[in-house]
Amino acid sequence: AFFWLVSLLLSSLIWFIAVKASDPQDERLQKGLLIFGVMFSVLLQEAFRFLYYKLLRKAIEGLVALSEDGCSPISIQQMAYVAGVGFGLMSGAFSMINLLADALGPGTVGIHGDSQLYFLTSAFMTMVLIFLHTFWGILFFHGCEHRRWWEIAAVVIMHLTVSGSSFCNPLYVGSLVPSYLLMAAAAAWAYLLSGGSAQNLRRFLLCKC
């Protein structure tokens, strides 16, 4: 969570400087800066995810050196899951804080003919991002651990795609549907990389030990 907050702070600082140094009356430029800010923030988040992996790797090596049996009490998969959850929860918390701040008013959603589903779709988008960050953490760490750089690239591309789809709003279908499809694909991928199988899933659904 702390690493995600630092990445947000740095990306916000860069975007703030870019906006202040530009012409606020130029709408086309401001939209371009907004797109740049979103893409830069995504890349910075993934860079900090990599830095966090390197830090955890050093921590695991220290735990192994101190343990009696030469094994770490925490696996890299467990750390990947926790790191993903931390990124996701902080991302979701900030998203909801911004929404709740807007909900205080003044004004009424949809009063000028816009969609009245803004808060509902934003809640669904926040939920999918929390899950995606969790799955991305597992995929990203697995790629770093086994030097499968294409898995890391896939996480970055998925993150850019989901964030970029928000520019389809207020056509919310254009952002929600691709995001949930990517979430399903990322969930299945992370499940398989974590050692899951179709047999294990079937036994879980049937409540068999």
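For all residues, glycine too, the Cβ spot is worked out from N, Cα and C.
Taken verbatim from TrEMBL:
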type	residues	note
SIGNAL	1-21	signal peptide
TRANSMEM	31-52	transmembrane segment
TRANSMEM	79-97	transmembrane segment
TRANSMEM	117-140	transmembrane segment
TRANSMEM	152-173	transmembrane segment
TRANSMEM	179-198	transmembrane segment
For this session: With a Cβ cut-off under 8 Å, give me the same-chain residues at least six positions beyond the ends of the transmembrane segment (117-140) that come close to it.
Result: 46, 49-50, 53, 77, 80-85, 87-89, 91-92, 95-96, 99, 103, 109-110, 151-152, 154-155, 158-159, 162, 166, 169-170, 172, 175-176, 179-180, 182-183, 186-187, 189-190, 193-194
Problem set entry | For the transmembrane segment (79-97), distant same-chain residues with Cβ under 8 A (at least six beyond the ends) | 1, 3-5, 8, 45, 49, 52-53, 56, 60, 122-123, 125-127, 129-138, 140-142
Problem set entry | Distant-in-sequence neighbours of the transmembrane segment (31-52), which means Cβ under 8 A and at least six residues beyond its ends | 3-4, 6-8, 10-12, 14-15, 18-19, 22, 83, 87, 136-137, 140, 144, 152, 155-156, 159-160, 163-164, 166-167
Exercise. Cβ under 8 Å to the transmembrane segment (152-173), counting only same-chain residues 6 or more beyond its ends: which ones?
Worked result: 35, 38-39, 41-43, 45-46, 50, 114-115, 117-118, 121, 125, 128-129, 132, 136, 139-140, 143-144, 179, 182, 186
